[in-house]
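Chemist: Below is a structure I'd like to ask you about.
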Amino acid sequence: MKLSIPELQSAEKPLVMVTAYDYPGGKHAEAAGVDMILVGDSLGNVVLGYDSTAPVTLADMIHHGRAVRRGAPNTFLVVDMPFGTYHTGVTDAMRNAVKIIQETGADAVKMEGATTEILQVVDNLTRNGIPVVGHVGLMPQTATAQGGLRAQGKDDESARLTLDGAVALERAGAFSVVLEAIPARLAKLITERLTVPTIGIGAGVGCDGQVLVTHDLLGIYEGEQKKIAKRYAELGRQAREAIAQYAAEVRSREFPTRENSFVMKDDVLDKLY
Ligand code: KIV
């Protein structure tokens with residue numbers, strides 16, 4: 001049963017969120033009973049093979065978001081607004097968020113940052129009935145400006161910026177805030193300061209919920225092991241082994257067998273001969 005925003009906010013914590021990018025991903029996540037699914041723009045890295053999330057387009061997010069929704073009709077679905085779709089003003093952001101909601105069936109959108117401009121966007125969207133999840137700490141869309149894909153909030157200035165950003169996002173109307181790659185004690189402090197749930201990734205155990213990129217969790221995306229992720233399966237290795245076994249059986253004519261083949265009556269075949 002899909003949880004509503006008040007139910008998510010008052011649910012017994014910790015909340016569980018995973019990313020999904022396609023129909024089977026949505027189906028598995030829903031069957032596993034997660035509280036929320038995120039169609040993350042990590043799509044760019046783990047599915048589309050880009051080396052950052054910057055090239056991901058609105059059309060990409062909508063295409064994948066729709067597939068996830070078909071697989072997970074009864075789970076709260078959040079779709080990331082990709083880079084550039086909420087940075088050119090409140091009107092553009094509204095138009096793009098409406099497109100995501102209408103065309104994917106998502107329940108909410110997520111966006112990174114807490115600058116004055118982004119807070120205006122969050123305020124405008126939420127006043128107009130589009131639920132928003134905020135995102136502070138490491139923000140992959142603008143990681144170059146943050147000094148690379150590295151933990152944030154470790155020094156005075158960065159810790160203050162992260163805390164203030166999270167508080168401002170709640171004030172602007174975000175119903176939940178993702179905290180990515182920040183010290184666990186800072187995430188705990190933010191969680192205590194906010195009334196809306198924090199969802200951590202690489203932010204320690206003190207958050208109200210956790211999110212992981214499914215392709216990291218399942219071992220499908222096998223880049224360098226990330227500190228912020230834990231691998232619960234080795235599906236990448238299993239996939240390679242299974243495909244290699246299939247290839248060997250095709251070459252040795254072990255596959256297909258009679259069980260994989262269709263039969264026909266002798267007289268039908270005789271006529272052809
Ligand atoms: O794009 C994504 O998958 C995300 C999560 C890491 C929170 O934003």
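In case you wondered, yes, glycine gets a Cβ from its N, Cα and C as well.
Note: TrEMBL annotation is automatic and uncurated.
TrEMBL lists these features:
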type	residues	note
ACT_SITE	Glu180	active site, proton acceptor
BINDING	Asp41, Ser42, Asp80, Lys110	3-methyl-2-oxobutanoate binding site
BINDING	Asp41, Asp80, Glu112	Mg(2+) binding site
Chemist: Scan Asp41, Asp80, Glu112 for binding-site residues whose C-beta lands under 6 Å from an atom of ligand 1 and note them, or write none.
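Modeler: The binding-site residues passing the 6 Å Cβ test are Asp41, Asp80.
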Chemist: Between Asp41, Asp80, Glu180, which of the recorded positions has the fewest other CB atoms within 10 angstroms in the structure shown?
Modeler: Glu180
Chemist: For Lys110 (3-methyl-2-oxobutanoate binding site), which residues of its chain lie six or more apart in sequence with Cβ-Cβ distance below 8 Å?
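Modeler: Listed in sequence order, they are Leu38, Gly40, Val78, Val79, Asp80, Met81, Val132, Val133, Gly134, His135, Val178.
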Chemist: Would you list the other residues of this chain near 3-methyl-2-oxobutanoate - those whose C-beta lies within 8 angstroms of the C-beta centroid of Asp41, Ser42, Asp80, Lys110 - in sequence order?
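Modeler: Other same-chain residues with Cβ inside the cutoff are Thr19, Leu38, Val39, Gly40, Leu43, Thr53, Val56, Met61, Val79, Met81, Pro82.
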Chemist: Return only the integer: C-alpha distance in Å from Ser42 (3-methyl-2-oxobutanoate binding site) to Glu112 (Mg(2+) binding site).
Modeler: 13
Chemist: What is the separation, in Å, between the Cα atoms of Glu112 (Mg(2+) binding site) and Glu180 (active site, proton acceptor)?
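Modeler: Pair distance, Cα basis, whole Å: 10 Å.
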Chemist: Glu180 (active site, proton acceptor) to Asp41 (3-methyl-2-oxobutanoate binding site): how many Å between their Cα atoms?
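Modeler: Pair distance, Cα basis, whole Å: 14 Å.
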